[in-house]
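Participant: Before we start, here is the structure in question, set down as structure tokens.
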């Protein structure tokens, strides 16, 4: 998938992730439905999930032996969203410096956990790997949902395409970061999970509110306090990266006339798409109120893989309809074909094998964007734009 996005990103060097590719290949309606769904479902729910994870790890040390109260977790998550949106609204440099610091912190805890796991394996802690898939439920539905949770952990492989216009030399740096980043993340994630299973059974891992904290308590005591601290840094870093990139989608959609014009404005003082970022943060806070992480991940993944599949299909379509476009990177066509088929399987499998009304609501919500497209884009009912413009003018005065 990331290789497909590398070709798309170097072929169409516009920010906004999937949005400009869908626009070029299929026209404004699929692009609008993507921006509509991303703005109101996929991106804010992703932001909310990461901040809820941060809140669980940050609060876990203060509630030893029991789960932190939900009100504490949700208030902490909301505070994290407010801080991150404020930072990214004030300064691009501040946001990128924060990202660099938090990424370094993330790598420190990753190395500590991996090295601890290797030492334990060398000492013979391998009992949890014997018959490790015993009593597993093997069905198309359960495997698809397992893929949703697994692929959620890797989500972010397409994030650089949201800021293509802000990259220095995207033709070189976009594919290079993908080729280096994805294998590095994959190796780290697999080794971390192996480390967890050296000291926890699958049941213990599922029951743990904060897996890395449990690992730290069992392996790193009395220095176990460093684990929740650095994992909190790690999750805040992921949330910061999500906010930094997703705000650009709202900005690009506003620039194309698919969202309120005020969302396409850039702060003259700070040179950031502040209205888009603030709007995005406000929607994410709404998702924190009712949501639990597992439910949000399932619905997020269902919606997002519809558009991942469409975007990779756009790459295949443009091979035939837009042959004149320069392609600094040209991957074998079998790769986007495989990704498209996997996307279809991921979307259809849970619906067919374990249908739930929630999936229908998700599809209806995506299609409901057509009503807003017809009224405000096609027929150009422009009173919302006038209201947003008047509000902006008044605030400037």
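In case you wondered, yes, glycine gets a Cβ from its N, Cα and C as well.
What TrEMBL shows for this protein is this:
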TRANSMEM  21-40  transmembrane segment
TRANSMEM  71-92  transmembrane segment
TRANSMEM  104-124  transmembrane segment
TRANSMEM  136-154  transmembrane segment
TRANSMEM  174-197  transmembrane segment
TRANSMEM  225-251  transmembrane segment
TRANSMEM  271-290  transmembrane segment
TRANSMEM  296-317  transmembrane segment
TRANSMEM  329-352  transmembrane segment
TRANSMEM  358-379  transmembrane segment
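Would you situate these features in the structure and describe their surroundings?
Facilitator: Away from its own ends, the transmembrane segment (21-40) comes close to residues 8, 12, 246, 249-250, 253, 256, 258-259, 280, 283, 303, 307, 310-311, 313-315, 317-318, 321-322, 365-367, 369-370, 372-373, 377 of its chain (Cβ-Cβ under 8 Å, at least six residues beyond either end).
Outside the transmembrane segment (71-92), and at least 6 residues removed from its termini, the chain residues within Cβ reach (under 8 Å) are 47-48, 51-52, 54-56, 58-59, 98, 166, 236, 239-240, 243-244, 247, 267, 270-272, 274, 277-278, 280-281, 284-285, 288-289.
Distant neighbours of the transmembrane segment (104-124): 188, 191-192, 194-196, 198-199, 212, 215, 219-220, 226-227, 230-231, 233-234, 237; these residues of the same chain sit at least 6 beyond its ends, with a Cβ under 8 Å from one of its Cβ atoms.
Note on the transmembrane segment (136-154): residues 49, 182, 185-186, 189, 294, 297-298, 300-302, 305, 345-346, 349-350, 352-354 of its chain, located 6 or more positions outside it, place their CB under 8 angstroms from a CB of the stretch.
Under 8 Å from some Cβ of the transmembrane segment (225-251) lie the Cβ atoms of residues 15-17, 19, 35, 38-39, 43, 46-47, 50-51, 53-54, 57-58, 60-61, 80-81, 84-85, 87-88, 95-96, 98-99, 102-103, 105-106, 108-110, 112-113, 156, 159-160, 162-163, 166, 210, 212-213, 215-216, 259, 263-264, 266, 272-273, 276-277, 279-281, all in the same chain and six or more residues away from its ends.
Within the chain carrying the transmembrane segment (296-317), a Cβ under 8 angstroms from the stretch's Cβ atoms is held by residues 1, 4-5, 7-8, 18, 21-22, 24-26, 30, 34, 37-38, 41-42, 45-46, 48-49, 52, 145, 148-149, 151-152, 155, 158, 287, 333, 336-337, 339-340, 343-344, 346-347, 350, 358-359, 362, 366, all 6 or more beyond its ends.
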